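Asker: Take a look at this one; I'll ask things after.
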Amino acid sequence: MNTGGRLIAGSHNRNEFVLINADENARIRSVQELSGQTCQICRDEIELTVDGEPFVACNECAFPVCRPCYEYERREGNQACPQCKTRFKRLKGSPRVEGDEEEDDIDDLDNEFEYGNNGIGFDQVSEGMSISRRNSGFPQSDLDSAPPGSQIPLLTYGDEDVEISSDRHALIVPPSLGGHGNRVHPVSLSDPTVAAHPRPMVPQKDLAVYGYGSVAWKDRMEEWKRKQNEKLQVVRHEGDPDFEDGDDADFPMMDEGRQPLSRKIPIKSSKINPYRMLIVLRLVILGLFFHYRILHPVKDAYALWLISVICEIWFAVSWVLDQFPKWYPIERETYLDRLSLRYEKEGKPSGLSPVDVFVSTVDPLKEPPLITANTVLSILAVDYPVDKVACYVSDDGAAMLTFEALSETAEFARKWVPFCKKYCIEPRAPEWYFCHKMDYLKNKVHPAFVRERRAMKRDYEEFKVKINALVATAQKVPEDGWTMQDGTPWPGNSVRDHPGMIQVFLGSDGVRDVENNELPRLVYVSREKRPGFDHHKKAGAMNSLIRVSGVLSNAPYLLNVDCDHYINNSKALREAMCFMMDPQSGKKICYVQFPQRFDGIDRHDRYSNRNVVFFDINMKGLDGLQGPIYVGTGCVFRRQALYGFDAPKKKKGPRKTCNCWPKWCLLCFGSRKNRKAKTVAADKKKKNREASKQIHALENIEEGRVTKGSNVEQSTEAMQMKLEKKFGQSPVFVASARMENGGMARNASPACLLKEAIQVISCGYEDKTEWGKEIGWIYGSVTEDILTGFKMHSHGWRSVYCTPKLAAFKGSAPINLSDRLHQVLRWALGSVEIFLSRHCPIWYGYGGGLKWLERLSYINSVVYPWTSLPLIVYCSLPAICLLTGKFIVPEISNYASILFMALFSSIAITGILEMQWGKVGIDDWWRNEQFWVIGGVSAHLFALFQGLLKVLAGVDTNFTVTSKAADDGEFSDLYLFKWTSLLIPPMTLLIINVIGVIVGVSDAISNGYDSWGPLFGRLFFALWVIIHLYPFLKGLLGKQDRMPTIIVVWSILLASILTLLWVRVNPFVAKGGPILEICGLDCL
């Protein structure tokens, strides 16, 4: 890198980069280089001084600035050199300004306003030529980063017009300010009679009236920039593979583009260190607590004591599994400007990697087409190069309603996409953009915006009416099924028996938007279904999309979103690319997971729909280990990682050995046995990487890079057979899988590609392949997301958790408690299936690249449904204690009191510290605690039994799609209780504990003051359960949110039966009873 003898300096935190002269010789050379150069502010030639030397404004870096600009900058600007930021010193003949040092040896006041032979006064310096950067509206860094000899903006931050003569200058309003490059304020710098012109009030006005003609501004500006780039000196950085040799980018921009695209932000030590210390302290307290509990049994209630101790031990193990993965939480920050500097260069095609976006839907009646349409529209309007985005919609229900709705969506996208990109609309899902109560005029300066917004809102309302009409028509299905417009029967009339369907709506036949711009590709996909084939539900649909996209577009990165999760931040793909395309750390990242945020939830969030504790605490903790788990939506994948390849390994340097010692010497702190074990593990890893090496080996063979004596044809055929056995029998798809960086085969006709795409979504394509086993979304559980992420982490990949300030995605949450419990039931059922399968993280994946703390998190994700058994038993103990007068602990001593207080205090303080570093409110934390109990005694319990029946007895459970919110009114059904058997267990527990409290208080009143002491512990125990089940109590007592009568009746009946049964077979009452004797008294 040639720095011209200047010293490189900068600040990473302040995002600054400058070049400073290192010695006087370099400064002299820089001064000599000024001869014949032009001012980098106004483009006038730098004049000579009286001594015949070029005028030098800055003695530190000799940045080329003419005398008038120097004087104006000292008077109206920031009085500093644009390049090195050194304050301009007062030169001979220059007027004094505020802040100048007292100097007696330069000149006197008589010459203070003389400029030598120039004869130019301040009243002759044009205001139109240079306006203070403080009023420009451009960021300061635009000028601060200018290098020596490079083109930097005028002080007005405008551009020069090449058509204007050298003695006249025009301010060009940049397009980013809405001026579209029009010329304003022609002024003369040589004629003092020309007055300075003010800024126009309306820059968008046709400026041909100012006398400059109507020549296309864009053509003239491109020509001017080309000429200027030929004249200006360019500082090139040699040897950088990310920048081509012919780039004319200036040095500071190049340096900025070479910096990392993201960085880790560890939690402050003042927050995380007390948290870690408390975790260790809590472990010690737990040890002392269990030591006391085990050594002090309750003799008259031994069964209660034993059951309670077993439950408490399980809760402690569950807490350890949940706690230690949060040991090292981190946050991350991305730099979108650096991404643009590195991969988006002016005048060249964008270097950003293509992305294929997958949207999955099943039933349009439960997943309204309008919601799916908004998701698709937000994807098509994303802030990303249109030729690098392809949207694939999987319709696993083969519904003609979805097909027709997508057709209407493609037509409306021709208007919506250019509107969003023209006015930088956020969010870009029209339903949420038009319904949100916000100041939509904020930062909008274009006068036509209001008019076009009204027209667009009217167009969207018409679009909604069309979609609603389609939904109404779909309610009445014809007896013979649906037909197309030409009378052909709709292929998907039979949901379980239909051929594969692919329809490319946008991006293929030259369909453009209303402004004649290209649109992203939009493809409808419905895979083939036939009786007798296992279609693997959502996982099978996603694998079909992988293969279709690999044939049609083959982008190296994939984004997966549910049909109800729209893109809320149009720069979401760029946020992910800051990690994926980072040359330093991006190669080992398998996916970037975004948090789930939701609309349609009230601020109280009674049923913990937002799940804030998981997304803002647990996921940040996992990000500090090997990365967050995959949650099923809002995730950007690396295609090669989904193909089952191992993560690239870093080359390790040579290790130190002790060859000078005999083999029996153990000074190397090792043994033969350990070395042998490591060798076995290394051989196992080597075998796991053979598949990934095949691809690169096959590429080498195709390019002719093979070893001497090898049989090219045999090697190619053998590897091709292995790849076809792994990926399937489609040669086009196998060829695309070999391309690590994506891309399409040359000279491939659309007809051939479409034929191959139909083949890869056929029913039998996955037979005798590794799809669903080692490739793509993994089969074997209804929660395929956990298995898929676990597989990739086991191959040594790491994931990243990205939390931009503006939520990347937003979705619809379950409307009421019943739907919420059914959603949790499905998640828990999937965890039970994984726990009982060969992919259980307790015994699967050893010897790979999975870190042990990451393994703990996966174990916790599949073990948590089993906590429902001890939880429901433990929540029943308070009622039993109150009904029988027994308790799970003996009389408490002072030592025991201290232990209990220390344990409860550590639990509370741990929660407080988690809320502090996770930035979670106490309401969200408490709702999460409540729903942990509610879900644990209901959905988790049912999932446990269903999972055991499914795995052990083969009784399959149907997957129920969670209903998405319709637009029937804000929070209309949010607290509506619907009939479901999931509500009976928690309701029964609530009634039993309420009965127990009533019985206990009545007994204490009857027995007097001495009974209140032992009662306090039992009451506290029962109230703890009642408070956690408070939403049910409110539903039982409230008028608006009343619980269904059938649930109340069943719960009361069950509670009464259990209470009477306990009274009948009370194990704590002596079986024999008292011996009656005749006392001789006549008792009446």
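Heads up, the Cβ atoms here are built off N, Cα and C, so glycines get one too.
Pulled from Swiss-Prot, these are the listed features:
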type: TOPO_DOM; residues: 1-277; note: topological domain 'Cytoplasmic'
type: ZN_FING; residues: 39-85; note: zinc finger
type: BINDING; residues: C58, C61, C81, C84; note: Zn(2+) 2 binding site
type: TOPO_DOM; residues: 322-868; note: topological domain 'Cytoplasmic'
type: ACT_SITE; residues: D396; note: active site
type: COILED; residues: 450-476; note: coiled coil
type: BINDING; residues: K538, D562; note: Mn(2+) binding site
type: COILED; residues: 675-703; note: coiled coil
type: ACT_SITE; residues: D785; note: active site
type: TOPO_DOM; residues: 890-894; note: topological domain 'Extracellular'
type: TOPO_DOM; residues: 916-930; note: topological domain 'Cytoplasmic'
type: TOPO_DOM; residues: 952-980; note: topological domain 'Extracellular'
type: TOPO_DOM; residues: 1002-1012; note: topological domain 'Cytoplasmic'
type: TOPO_DOM; residues: 1034-1042; note: topological domain 'Extracellular'
type: TOPO_DOM; residues: 1064-1084; note: topological domain 'Cytoplasmic'
Asker: Can you tell me how many other Cβ atoms are located within 10 Å of the Cβ belonging to C61 (Zn(2+) 2 binding site)?
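Answerer: Around C61 (Zn(2+) 2 binding site), other Cβ atoms within 10 Å: 25.
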Asker: Let me spell it out: take the coiled coil (450-476), skip the flanking residues so only those 6+ beyond its ends count, and list any with a Cβ under 8 Å from a Cβ in it.
Answerer: 364-365, 368-370, 373, 399-401, 404-405, 408, 412, 415-416, 419, 423, 430-431, 434, 440-441
Asker: Quickly jot the same-chain residues contacting the topological domain 'Extracellular' (890-894) by Cβ under 8 Å, restricted to those at least six beyond its ends, or write none.
Answerer: 296-299, 900, 1017
Asker: Which residues of the chain, 6 or more past the ends of the topological domain 'Cytoplasmic' (916-930), have a CB below 8 A from one of its CBs?
Answerer: 267-268, 271-272, 275, 329, 604-608, 610-614, 616-617, 620, 1027-1031
Asker: Using the Cβ centroid of C58, C61, C81, C84 as the reference point for the Zn(2+) 2 site, which residues of the same chain not in that list have Cβ within 8 Å?
Answerer: A57, N59, E60, A62, F63, P82, Q83, K85, T86
Asker: Within 10 Å of K538 (Mn(2+) binding site) (Cα to Cα), which of the binding-site residues C58, C61, C81, C84 do you find?
Answerer: none
Asker: Write down the Cα-Cα distance for D785 (active site) and D396 (active site), rounded and given in Å.
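Answerer: Distance between the two Cα atoms comes out at 18 Å.
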Asker: Measuring Cα to Cα, tell me the gap between D562 (Mn(2+) binding site) and C81 (Zn(2+) 2 binding site) in whole angstrom.
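Answerer: It is 53 Å, counting Cα to Cα.
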Asker: How many Å lie between the Cα of D785 (active site) and the Cα of C84 (Zn(2+) 2 binding site)?
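Answerer: Cα to Cα, D785 (active site) and C84 (Zn(2+) 2 binding site) are separated by 53 Å.
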Asker: Any idea what the model's mean pLDDT is for the zinc finger (39-85)?
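Answerer: Result for the zinc finger (39-85): average pLDDT 80.
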Asker: If you run the three-state DSSP split on C81 (Zn(2+) 2 binding site), which class comes out?
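Answerer: Going by the DSSP assignment, C81 (Zn(2+) 2 binding site) belongs to neither helix nor strand, so it counts as coil.
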Asker: What counts of helix, strand and coil residues does DSSP assign across the topological domain 'Cytoplasmic' (916-930)?
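Answerer: Secondary-structure breakdown of the topological domain 'Cytoplasmic' (916-930): 12 helix, 0 strand, 3 coil.
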Asker: Who sits close to C58 (Zn(2+) 2 binding site): which same-chain residues at least 6 apart have their Cβ under 8 Å from its Cβ?
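Answerer: Once residues fewer than 6 apart are set aside, C58 (Zn(2+) 2 binding site) is near V65, C81, Q83, C84, T86, F88.
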Asker: May I have the DSSP-based helix, strand and coil counts for the residues of the topological domain 'Extracellular' (890-894)?
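Answerer: DSSP composition of the topological domain 'Extracellular' (890-894): 1 helix, 0 strand, 4 coil.
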Asker: For D396 (active site), which DSSP three-state class applies?
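Answerer: The three-state answer is coil.
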Asker: Using a 10 Å radius around its CB, how many other CB atoms surround D396 (active site)?
Answerer: 23
Asker: Tally every other Cβ atom lying within 10 Å of the Cβ atom of D785 (active site).
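Answerer: For D785 (active site), the count of other Cβ atoms within 10 Å is 24.
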